[in-house]
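Peer 1: According to Swiss-Prot, the protein has these features:
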DOMAIN    28-99  domain 'KRAB'
MOD_RES   Ser117  phosphoserine
MOD_RES   Ser122  phosphoserine
MOD_RES   Ser200  phosphoserine
CROSSLNK  Lys207  SUMO2 cross-link
ZN_FING   223-245  zinc finger
ZN_FING   251-273  zinc finger
ZN_FING   279-301  zinc finger
ZN_FING   391-413  zinc finger
ZN_FING   419-441  zinc finger
ZN_FING   475-497  zinc finger
ZN_FING   503-525  zinc finger
ZN_FING   587-609  zinc finger
ZN_FING   615-637  zinc finger
ZN_FING   643-665  zinc finger
ZN_FING   671-693  zinc finger
ZN_FING   699-721  zinc finger
Amino acid sequence: MEDLSAPESALFQGGHTLLPSASFQESVTFKDVIVDFTQEEWKQLDPVQRGLFRDVTLENYTHLVSIGLQVSKPDVISQLEQGTEPWIVEPSIPVGTPGDWVTRPENSITASELDISGEEPSPGAVAEKHKRDDPWSTNFLETCESKGSPERQQANKQTLPREIKITEKTIPTLEQAHVNNDFEKSISVSLDLLTHKQISPKQTSTKTNVKQNLNPVKKEKSCKCNECGKAFTYCSALIRHQRTHTGEKPYKCNECEKAFSRSENLINHQRIHTGDKPYKCDQCGKGFIEGPSLTQHQRIHTGEKPYKCDECGKAFSQRTHLVQHQRIHTGEKPYTCNECGKAFSQRGHFMEHQKIHTGEKPFKCDECDKTFTRSTHLTQHQKIHTGEKTYKCNECGKAFNGPSTFIRHHMIHTGEKPYECNECGKAFSQHSNLTQHQKTHTGEKPYDCAECGKSFSYWSSLAQHLKIHTGEKPYKCNECGKAFSYCSSLTQHRRIHTREKPFECSECGKAFSYLSNLNQHQKTHTQEKAYECKECGKAFIRSSSLAKHERIHTGEKPYQCHECGKTFSYGSSLIQHRKIHTGERPYKCNECGRAFNQNIHLTQHKRIHTGAKPYECAECGKAFRHCSSLAQHQKTHTEEKPYHCNKCEKAFSQSSHLAQHQRIHTGEKPYKCNECDKTFSRSTHLTEHQNTHTGEKPYNCNECRKTFSQSTYLIQHQRIHSAEKPFGCNDCGKAFRYRSALNKHQRLHPGI
């Protein structure tokens, strides 16, 4: 195969050898291969023809630069690269005499030659000029049409000069172009863009306008790739194509040394360094480096989605998105990792995956020095620092800092779940969730922790787990300074300060801070309890709730406190317990300033100020502030006391009451005051005791504004205002405000 990368190869196409003539001896310049238009001529071209002119002109210039025949960049190239239209003033050089052809620019084609004016030159002058100027005359064609052996072609190559001169006279007519359709367009004016007016000795007049001359000519694809068999009309296109096989990238960026196989890709890349974005959107003013990027962006405003999937009818604004989408139906995964063999349907996902093996994170945040594998991830991360949320939901007005987050949120309103599991039929709104779910069927856990050997189904789970070993907490709350290991934890924590509850139940309107809480709540409407305990038959909505419940029967307490060694059945109980040692109370009451270590305790405490008692007994109508208090009260109607003490056989309605009672027998007092070392059997007793040291009286009477250090004192005091006497004597019916008063009274009756 001949060397198509050599500059001289452009002169040996399809077996035709282009021999130099006397007029070829000067060096080629860009003026020799550019077609000039007047303003009037340019206006007559439609957008397709102008685009064709732009593409061919830039390609011709690129090839001149690649073989070292052009140094300075002409203004017209700069204009075309910037997307502006070149308005070339019509030359004022007279046309008509042979001497005029010497002084007139050789590449300029005027209105008279293109018949734009509608005037016809004399037939004799046309025939004579055609014969004199035609480079494809009989003698010349005889030379070019000699097929020639490889030895003959090699001899011709050796005799060819390095620099050649191509003038307007070397441009073939359309008729001749069909005969010699392999003449290299990379060093001549494109045969498809603009050709000489076709005039033969038999033809006396021809009226051809610019638009007709610029119509693309369907030509034979005679340049064929030996590697894959793909054919091209021009061998310059074949040369570019062959670089995909050879990996050749001759165009190198001086700034970052990145190389490209095509010059236009280098030009577009250099705009990253210069910041040049010549393509502006008329709607929003956003700038783009490339014209196609602008076209794709404008579809956001127009809503145009011209690419439609034949399988499901889904439409896309970009063809690449359609191609990627179709792989969902075909299951095609053409990108395979050489390290672990994992396959991907999208090249971007494949490139991201490879960075897991290399550890490469080239994109760094200037604010916090955090690094990322993708520039888009860095851009989204930076919005955490700026607070920018550019994507707004039209349904609820909520704003998001990333498009993917916005799209996921929008599916909450539409209920769309396009990704379905083939195993169990469960549907998901995100493809990543489907991928994660499928691992529950396969049991696959490909991500191993190097520290402890624990395996995970997801890379994100491994990344979160690693923070346990490193203790890293990069996400900090601006309000209270608390730090978190995960961004999601910080987002959830912020809702404590903002009181935001974005997740609302469509059935009853109740709102929740977390989506998981909403999902749990919604099951109360459906009453779906699919998980049943084999020991006692109790059913639960979630499998995790069943697992926790089963610990009652097994006595398992897998969560241990490192400070005091106490064990717990639930992780949440351990977290709450640890706050006793740390003294942490992040939940503060705005009314009285009292702080709590749990949010639920703050919620319950606020009812003291508001007087709210949302839990009402269906039997007697009595209302309570806490759900647990209602549950305790209801057992007075049923007399149910399932928890028995092994020491004294006393029965209790709650297991917590039994645990507290058993401390009487054991003498255990696990709650110690840091001020005076006094110990208590209950944490509530310790809390109330600590108020004696601080002088704090957080419980206020709404009637007289009197304050108390303990809630029980406030409850007893409020009976003065309400005249409530809940403790009645069974013998005489007399009622008392306090239990102690009832006990004293009962001693007056005989037999007590």
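Note that Cβ sites are derived from N, Cα and C of the backbone, with glycine treated the same way.
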Peer 1: On average, what pLDDT score does this prediction assign to the zinc finger (587-609)?
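Peer 2: Here the predicted model's pLDDT, averaged over the zinc finger (587-609), is 80.
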Peer 1: Any chance the zinc finger (699-721) and the zinc finger (587-609) have 3 or more Cβ pairs under 8 A, given the pairs are 6 or more apart in sequence?
Peer 2: yes
Peer 1: What counts of helix, strand and coil residues does DSSP assign across the zinc finger (699-721)?
Peer 2: 11 helix, 4 strand, 8 coil
Peer 1: Same chain, outside the zinc finger (419-441) by at least 6, Cβ under 8 Å from its Cβ: which residues?
Peer 2: 328, 408, 411, 457-458
Peer 1: For the zinc finger (475-497), give the DSSP counts of helix residues, strand residues and coil residues.
Peer 2: 11 helix, 4 strand, 8 coil
Peer 1: Per DSSP, what is the residue count of the zinc finger (391-413) in each of helix, strand and coil?
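Peer 2: Grouping H, G, I as helix and E, B as strand yields 11 helix, 4 strand, 8 coil.
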